[in-house]
Every structure is written in C-alpha cells, then in structure tokens.
Amino acid sequence: MKAYFTDLFTGAWSLIVGLKVTFKALISPVVTVQYPRVKNEVTPNYRGHIDLVKDAETGSHRCITCGSCMRECPSGCIVVDGEKREGVKGKALTVFTLDFTKCSLCGACVEVCPTQALDYSQEYELAGSAREDFHYDLLKRVEERE
Amino acid sequence: METLNSLTPELWRLLLAIIGIVVVVFGNALVMGYLERKLAGHFQCRTGPMEVGFHGILQLIVDGVKLMGKQLVVPAQADKKLFMLAPMLSFAPVFLPLLVIPFSDKLQGFDLDVGLLFILAIASINVLAILVGGWGSNNKYSLFGAFRSVAQNVAYEIPMLIALLAVVFMTNTFSLRGIVEAQNVWFVFLQPVAFLIYLVAMVAETNRAPFDLPEAESELTAGFHTEYSGMGFSLFMIAEYTNMFIVCSIATVFFLGGTSGIPLPYFEYTGALWFFAKVYLLMFFLVWIRWTYPRTRFDQLMNLCWKYLIPFSLINLLITVVVVKL
C-alpha cells in the first residue's frame, strides 16, 4: 500500500520535471539553420578531401613533384607528374589529380609531404551525378583559388 | 426562393450554426496541424515548417492540396467496402458534438438537456471507425492498432465518465450551458482530482502520445491508418484534431468556466474569445505532453487506468456525493 502511493507521487513528480525540461527547450533559441540559404561555419578540424596549399609568399603551390604522396597512398588515388623546365630548379608540376571515389581520407599523403604542400579542404557539399565528378584536378583548383 | 422564405428563424439559426461548425472543424484542423508541427520543431530547438509562406504559415494548405491529389490505394484482399467506409465513419460524426457546445452565451447550435451524454455517445463512434479501418485494411499492423484502440478507449471511458459525473452531481444537469452557468467558481478549484483524471483520460481517448498505442510509429508503422493514403488519411487526421478540440471543449465547459473571463463588449458573442483561448491553451498542453513523454507500454496503460484512475475517480465521486448531500 505504501509502494502504491510512493509510485503515484514520484511518478507525478517526474512528469512535472519532464514538462519543465521540454518547456525550457521550447523557449530556448533554435539551433538549426535553413540549410541551403543559411550555412553554419565549418570547424577548422574538418577533414575533407586533400587540396594543394597556396603559399602566401610565392602565390603558388609548394609541390616539388617528389611523388611521395602518390607512393604512400594506400588506395592509389593520387597521380602526380612533372616535367623539367628551363630555369626552374627541380621538376615543375604538370599533373596532380585525386580520384576521390577511392580515397579513404586516411591523410597519409598530408603526413608524408616534405614541403607541407597538402592540406585538408573544407568541402562538404559533394553531390555528383557521375563518378567523373569526383576526379579532382587539384592543380587546377589551386590555380583558380584566389 | 419559395423554400428559402418558408424557413423559420430557428431553422435559419441552425443552418448558420452548421456552417459555423464546418468552419470550426476545418479551421481547427488547419491551425492545429500547423501549430503542432511548429511547436514540435521548437520543443526540439528546430524551426518547424519555414518554406511555404511567412514562417511556413501556408504549409498545411499545400499539404491539403497534395493529399487531395493523391491516389486512394486499396490494398489487394482488403475488405473494400469497410476500408472506404472507415474514414467517413470517423470523420462524419465529429460535427455533431460541436452543435451542443456553448461557445458563448448566444453561440450555441442548440442546448440539449442531455448534452454531455450526446457528446460522449457520438464521440465513441470513433472507436468503431478505427476498428472498421483496422479490420478492413487486411494488415497485421492495422489490426493490432485497432485492437489496442478498442481496449484503450473502452478502459479510459470509465474514469472519464466518473470524473465528469462528479461535476454533474454538483450542478444537477447534463446540459452544457447549465454547467457553465452553475460555475461561480471554476470547478477546477472545487474538483481538482476530477480535473486531473479527466486530463489523463482525455489524452488517452484522443489516442495521443503518450497513449498513442493505436498508431505507435515505432511498433506498428502507423497503426490503424497504415494503409490509408490521400484523403482517407487526412479524414482520419481531421477527425483526430476535431476530437482533440471536442475533449478540450468539454474540459473548458466542465472545469474552466466555459466563457467566463474578463468582460468584453457584446459579451454574449465575444465570450467565445475566452472559450477559444482556454481550449487552445489545453490543446497546447496536449502538444506539450506529446513532445515530452515517451509512449507507455500496453500493460502500464491498463495499470494506470484500472489501478489509479478508476479507484480515485470513484472515491472522488463518493466524496462529492456526500458533500453535495450535506
């Protein structure tokens, strides 16, 4: 008999506590945004697909075409190629493509790069209609970036 | 023209009342559909509908057009007649109780001496509609939903009736206007236990969370209306929202003094503002608890009814009768 009334009162009290919790949520500000029109800032820690870094001093990429990333990549999704040019020390980069359909985002290429020429991008809107849409030309991307 | 002229003033009044009631039924479904989704959003720190019109205010109209355009799919091997009958059986009776509800002193279809019995008798048809719909769908989820609905509604009608009976003993009338007029003090202060019991039973009677077992999404897909599409589904929804409106109206009439409030000019009409304010406050409470409590298990549901609500309502009735007699 005692348990019956204890149940009743603790139950009723917990119901009131529950109502209080949801009412606080009701009057607290909205945390979602209307996505395509309003966008949240991406956290700097976000690891998108890799991108070539634009050097602030030279205004160009830092890649020396050593090919470490290409060899390190466990999925074999990076292709790097270069050519010897007159007046340029070492090799000049001509091709740097990423096949993002195979990339597992392990980051080994970023780790291994001797000149810190690679970094993670902030891209997250990655819808495409064909698999070729995910074959990125990173050299073109870095040249187009302002 | 001949027939129009032959209508007596009383018939004209009834005609206007019926038109008004149709407006209330559809208007309430629109307002509550929008409010429910908007409040559901804000209870979860979201915004709810935002796209159609200012803050999504036209969302329900667009949804209505979509539902009207959809094909009514009748499942193979369903009992076609019963399947088509159920939504209408659920929707058609919801107009009748509104005829006897006193929205204000003058805004009332007609004042029946047995108004309360009339409302409860009509409201219980909804259970039959759910059973017919669940049976006619030839679907295990629908059938389970219907079974649960019948068990639940039959169980919860008892404490609901007994709680209301306590008020009837105090006022000595079943007429809703008589009960409003008898309230010098709102009965929620004289009959708090009856009010609480009615509040719980009213949530269960309208099959809303936390007692929404007949349509439990996570267990039964959508319960009795799993197989309904287009207007079949929306008739059930309009009926549900109107039933919410009716039970909240009964609560307002019985416990919250009906139209009583701060006097306004032309109070015999504008009293309806207070009435609607109280009804929608209760509706807000229904939405609030829907987004607060998890669904009860079936045995918990029955325990609550038979072990708590019915004994307490009987004791409450006994005390009321003794006090009234003294």
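Note: Cβ is positioned from N, Cα and C throughout, glycine not excepted.
Per TrEMBL, the features are:
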- B:12-35: transmembrane segment (TRANSMEM)
- B:82-103: transmembrane segment (TRANSMEM)
- B:115-137: transmembrane segment (TRANSMEM)
- B:158-179: transmembrane segment (TRANSMEM)
- B:185-204: transmembrane segment (TRANSMEM)
- B:244-266: transmembrane segment (TRANSMEM)
- B:272-293: transmembrane segment (TRANSMEM)
- B:305-324: transmembrane segment (TRANSMEM)
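Here the transmembrane segment (B:12-35) lies next to the transmembrane segment (B:244-266) in space: the count of CB pairs under 8 Å, restricted to residues six or more apart, reaches at least 3. A Cβ distance under 8 Å defines the sequence-distant neighbours of the transmembrane segment (B:82-103), meaning residues of its chain 6+ beyond its ends; these are 17-18, 21-22, 24-25, 72, 74-75, 109-112, 115, 118-119, 122-123, 125-126, 128-130, 132-133, 135-137, 176-177, 180, 227-228, 231-233, 235-236, 238-239, 242-243, 245-246, 249-250, 253, 258-259, 271-272, 275-276.
Of the Cβ pairs linking the transmembrane segment (B:115-137) with the transmembrane segment (B:272-293) and spaced 6 or more residues apart, fewer than 3 are under 8 Å, so the two regions do not touch.
Beyond the ends of the transmembrane segment (B:272-293), by six or more residues, the same chain brings 32, 35-36, 39-40, 43-44, 102-104, 107, 199, 203, 206, 208-210, 212, 244-245, 248-249, 251-252, 256, 258-262, 264 to within a C-beta distance below 8 angstroms of the stretch.
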